[in-house]
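*Asks:* Copied straight from Swiss-Prot:
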BINDING   N11, Q44, N64, G74, N75, N157, N190, E208, R209, G218, S219  substrate binding site
ACT_SITE  C73  active site, proton donor
ACT_SITE  C217  active site, proton acceptor
SITE      Y268  site 'Important for dimerization'
Amino acid sequence: MQFSKMHGLGNDFMVVDAVTQNVYFSPELIRRLADRHTGVGFDQMLVVEPPYDPELDFHYRIFNADGSEVSQCGNGARCFARFVRLKGLTNKRDISVSTQTGRMILSVTEDELVCVNMGEPNFEPQSVPFRAAKAEKTYILRAAEHTVLCGVVSMGNPHCVMQVDDVSVANVALLGPVLESHERFPERANIGFMQVVSREHIRLRVYERGAGETQACGSGACAAVAVGIQQELLGEEVHVELPGGSLHISWKGPGHPLYMTGPATHVYDGFIHL
């Protein structure tokens, strides 16, 4: 099977063309391939499939390193767009894809950055999903003997975002896994630790559902900005600084889609016998 290794700001992927190849991945096989000592090694596997809807260009599937399938990965979406162009599957600059939960437009710029229309952030608890009687701007969660004030949003996948004074010393290793599997998130969640530098600049670390802390999380950056704007902490255009690099997030507020712009890097092509 042919594949490519790619990354978006250090969030790394094994990308597989299932348009021209017949492939099947069990959770066990994905876990073996994800192993950084004995496999290919990656945070997520991205699979390019033929479109389920003839009006679209491709279907986009995402698998975490633990073998679970998820509905959204923003950094992966940028790599997906670069991959289908590099492999000659399309020459379009505006690429339409479906996911488990919706549709996206991926736009490749002249300087090969990728702008992703991530859709409108959804704060309704049942859509996240999150167990709450009604939608609030902030919720109180208790985890590992800590009381956490957070915002909750779906970007096509569930996110919990908390504000911290200094992201460099945030207790991601302790709070990340506890909040990821908190009982109020029936499908688990991605956990963002956000330091607000100014209304146009945040620093962010993300503990990803099924992958642990990564160098960057695109949907996590989108979620953090959406929550920050909802809580009136941020403006419409925000520079998001992650351990692996920076993204630009733009959102005009309710009724409008959120846009994420950033790089996608091709590392190498490979072949593996399954």
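Every residue, even glycine, has its Cβ placed from backbone N, Cα and C.
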*Asks:* Neighbourhood of the substrate site (N11, Q44, N64, G74, N75, N157, N190, E208, R209, G218, S219): other residues with Cβ within 8 Å of the Cβ centroid, in order?
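*Replies:* Surrounding the site, in chain order, are D43, I62, V70, Q72, C73, G76, V206, A211, T214, C217, G220.
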*Asks:* Pull out the recorded positions from the set N64, R209, Y268 whose C-alpha sits within 10 Å of the C-alpha of C217 (active site, proton acceptor).
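*Replies:* Final answer: none.
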*Asks:* Non-local Cβ contacts of S219 (substrate binding site) (under 8 Å, 6 or more apart, same chain)?
*Replies:* Q72, C73, G74, M118, M155, G156, N157, H159, N190
*Asks:* To the nearest whole angstrom, what is the C-alpha distance linking N75 (substrate binding site) and Y268 (site 'Important for dimerization')?
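*Replies:* So the alpha carbons of N75 (substrate binding site) and Y268 (site 'Important for dimerization') sit roughly 17 Å from each other.
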*Asks:* Which is it, of C73, C217: the one of these active-site residues whose Cβ has the most other Cβ atoms within 10 Å?
*Replies:* C217
*Asks:* If I take the Cα of Y268 (site 'Important for dimerization') as reference, which of the binding-site residues N11, N64, R209 has the closest Cα?
*Replies:* N11
*Asks:* Based on the record's binding annotation for substrate (N11, Q44, N64, G74, N75, N157, N190, E208, R209, G218, S219), what whole-number value in Å is the widest Cα to Cα distance?
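*Replies:* Binding-site diameter by Cα atoms for substrate: 17 Å.
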*Asks:* How many other Cβ atoms are found within 10 Å of the Cβ atom of N64 (substrate binding site), counting all protein chains shown?
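*Replies:* Step by step: centre on the Cβ of N64 (substrate binding site), count other Cβ atoms within 10 Å, giving 22.
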*Asks:* If you count Cβ atoms within 10 Å of each one, which of the binding-site residues N11, N75, N190 comes out on top?
*Replies:* N75
*Asks:* If you count Cβ atoms within 10 Å of the Cβ of Y268 (site 'Important for dimerization'), leaving out that atom itself, what do you get?
*Replies:* 8
